[in-house]
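Asks: In case it helps, Swiss-Prot gives these features for our protein:
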TRANSMEM  29-49  transmembrane segment
TRANSMEM  50-70  transmembrane segment
TRANSMEM  104-124  transmembrane segment
TRANSMEM  129-149  transmembrane segment
TRANSMEM  166-186  transmembrane segment
TRANSMEM  194-214  transmembrane segment
Amino acid sequence: MLGGLVTALRTLTILPIPGKDAVTFSHSLYWFPFVGLLLGALLAALGYVGSLSGWHEFAALLVVLGGIVLTRGMHADGLADVADGFWGGRSKEAALRIMKDPTVGSFGALALSGVMLLKWVAVVRLLSFGLFDVVMAGILLARLVQVLLASALPYARREAGTASAFVAGAGAPHAFSALLFTLALLFPFYTENFPTMLWLLGAALVAGSMVGMVSYRKIGGVTGDVLGAGSELTEVAVWITGALLLSDYLLF
């Protein structure tokens, strides 16, 4: 069982983790929410330390860049590849071929720049109100969405790829367990503000569903790049939602 945790940590972070990987990589999906909580706590702590100076813009930049560093830029790279492939390839084969190209095209650069800017703007707002729990929640819910996408959709490539071993054995038990685990991890932070947790969860599920639907229509399933893009888009959706909940002009 702990092999799944080792695999999840090695896959999702740069942390040097001793131990043996899971024999079946899909077993690591059960641990994705826990790794999301760990990453979220580290980034929230980084944001807190940065905010002590009162310079929330710089603290937010630390959070955004810290997320890239701690994940080896893997999810950000996936977002860029998906943007290039989905909007640059007219057929499934063309999209998959473009996504495999290591260079970043114009669509990828625009998507990456836009998402990172939105993240930064949202995190500035969250940190200025001391909402470190929402920063953490975005990271945690993004890993839940990765499990849901891997469990709900088939692997899109004919040949094996980075995520094929995770997607191959994934199914409803992984999705259901990850959802329950995520709720259990989030609930202690929102016992006095349960509606906020529901809004954040809803934002994550909407973002994940949209990624899944677009990916299924475009390439017939998911790849590692799609899982990475789903993570990035979920983070920004949750953080933007959290920032909007602070607005005096919106009645939630």
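Easy rule for this one: first residue shown is 1, then count along the chain.
Quick reminder: no glycine exception, Cβ is built from N, Cα and C everywhere.
The shown structure was predicted, so the numbers you read here are calculated from the model rather than taken from an experiment.
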Asks: Taking 50-70, 166-186, 194-214 as candidates, which has the most Cβ pairs under 8 Å with the transmembrane segment (129-149)?
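Replies: Answer is 194-214, with the largest number of Cβ pairs below 8 Å.
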Asks: Check for me, if you would, whether the transmembrane segment (104-124) reaches the transmembrane segment (50-70) - at least 3 Cβ pairs under 8 Å, residues 6 or more apart in sequence.
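Replies: The answer is yes, given that the two segments have at least 3 Cβ pairs within the 8 Å cut-off.
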Asks: Please identify the stretch among 29-49, 50-70, 194-214 with the greatest number of Cβ pairs below 8 Å relative to the transmembrane segment (166-186).
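Replies: Checked against 29-49, 50-70, 194-214; highest Cβ contact count belongs to 29-49.
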Asks: Give residue numbers and ranges for long-range contacts of the transmembrane segment (50-70): same chain, 6 or more residues beyond its ends, CB-CB under 8 A.
Replies: 13-15, 39, 42-44, 76, 116, 119-120, 123-124, 126-128, 130, 135, 139, 235
